[in-house]
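S.K.: Sharing a structure with you now.
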């Protein structure tokens, strides 16, 4: 770097302890105070900073007074005529991260060209640190990748001693095994529950008919908890940001993401990135809410990109989420490489590359009037929906677009459309588009389905219409990793459930109806992750009606009821089902674990119950051929577990006998105490009976007593007597 004189002056020496104002004496014997027992009321800190707040303040401390200044290196070297243009580019890039007070780009005295670096002063140290984190490594072009450092770091580097001193070698401390929970000898799954101020991670121990607590913590989160897609991390939400934890029976903090007032989070499919969201009320009542989104690197906690704007900008294309913002704002491409993420905008879809965190090809995908899109779960294919335009003269359409080439693979025009919703099958083999159309009179609508066969040549499309076109579609669900789907349809209190297959018995690619179940109390469908089994659930108005159905054999395995159930969740292996009643209702809070065929395993009640979440499992490392081999030899493999089943059965028998023995002992103990009390009261009873004994039946004397009682009175006339 060239030598530059800056118009700043500071004293690098902090004030001595003698110069600092003395603290007033409080006459407290601190040796008698146990600080661990001090508890502050919720929402109050009395000026005592939490551990997270202290860490955040450490970041922005600056002894030199230059904490708001960054140094940007590797800028282009330009002639004096292009100085202003380069300055505008730098301001545009770094102005997104805070308010720039001053920008100074030194020049070479001999040539007049820029020196290739710049000093930028922000209005606060926090903005300067944000700029350092987000802009370091920013790629302006192929030859210029920014290197951003804090100005204070220069002073630190200047103080490096001339004599090299070997660093102290610290002993290796093994970190938390983030996959330990997958190696449970009993093959159990974990789940997390949140109730009141408590959060528990539990093992689902179906053999012992109970939930075994693996980890418990109070006040772990301020709003909710969330597993990452592969189950590696558990995220908690705090005022200062989000934190991810890892472990099995002892959860330790892995990474912390600073985002003030964070309200929502979303992981990328392979857990490489975390998107955080917050909204802030404007100071001017005429303005709309401000929205801030950050894309963090999960391992380092570094923010790769920050997005800011009004709530209206991020509400395009949906009405869910918070304050009208469609959530998730960013939708991740299919597969496990986390290569792209996209969001919908006005007349466009913006696709970003995670490698650069910039727009793909530096421009958005222009699609006039687009209102919805979704990614294939396995491929970089976008499905777009565009409604009718020009007063109905331009048809609605669904398009499939390949990314990154932006090639349109297939398009289907749709007419008289009132609404449209897209459903991808988990393997990306099929796409179902539910289309609500107006009748000719425009006074009512009817529903049909457009079924895309994505993996077949030219992507053929089939049209499926129900036998009764006027039936209302209540629910739709694909079988995971399969070719079947289920629909709940009807207008009455007992709708029908119909099962279809994308394959016909003659291996002809045609949609085939498998069966229709008439008059079911169901409004939600929950397929097992392994396919084959499905739960037909009647939630809300149906008061928790459950039907466990085998789609292979087309038969009901069991019916049950969990009164006022609000949620149904399959475990990742498809062995157990959890139904829960959250604090939406004031009564019956808690959850029930069922077997896949509808047998009640155990029930847990918890007041103010908020969440039940199974811990996801990563995909199997076995190939499809190896899995098929295991299924063929399942009986052989299962023999090694037969002894465990026998021991478990014996344990349950022993446990049941022990429980009976305890109940008998309790009864005998109560009976003995009652007899002692009865004997102690014998004199009092004799006194009440004038000294006559009354405890023994042989002491009783039988005495017959006649009692006359008038039953009825009737007047008889004389003529009746003479007659």
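Easy rule for this one: first residue shown is 1, then count along the chain.
Just so it is clear, glycine is given a Cβ too, placed from its N, Cα and C backbone atoms.
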S.K.: Given the ranges 656-681, 682-707, which one is assigned the annotation region 'Disordered' in TrEMBL?
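M.R.: So the range that TrEMBL calls region 'Disordered' is 682-707.
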S.K.: Name the residue range among 1-28, 29-56 that TrEMBL annotates as region 'Disordered'.
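M.R.: Based on what TrEMBL states, region 'Disordered' spans 1-28.
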S.K.: In the compositional bias 'Basic and acidic residues' (682-692), how many residues does DSSP assign to helix, to strand and to coil?
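M.R.: Within the compositional bias 'Basic and acidic residues' (682-692) the tally stands at 7 helix, 0 strand, 4 coil.
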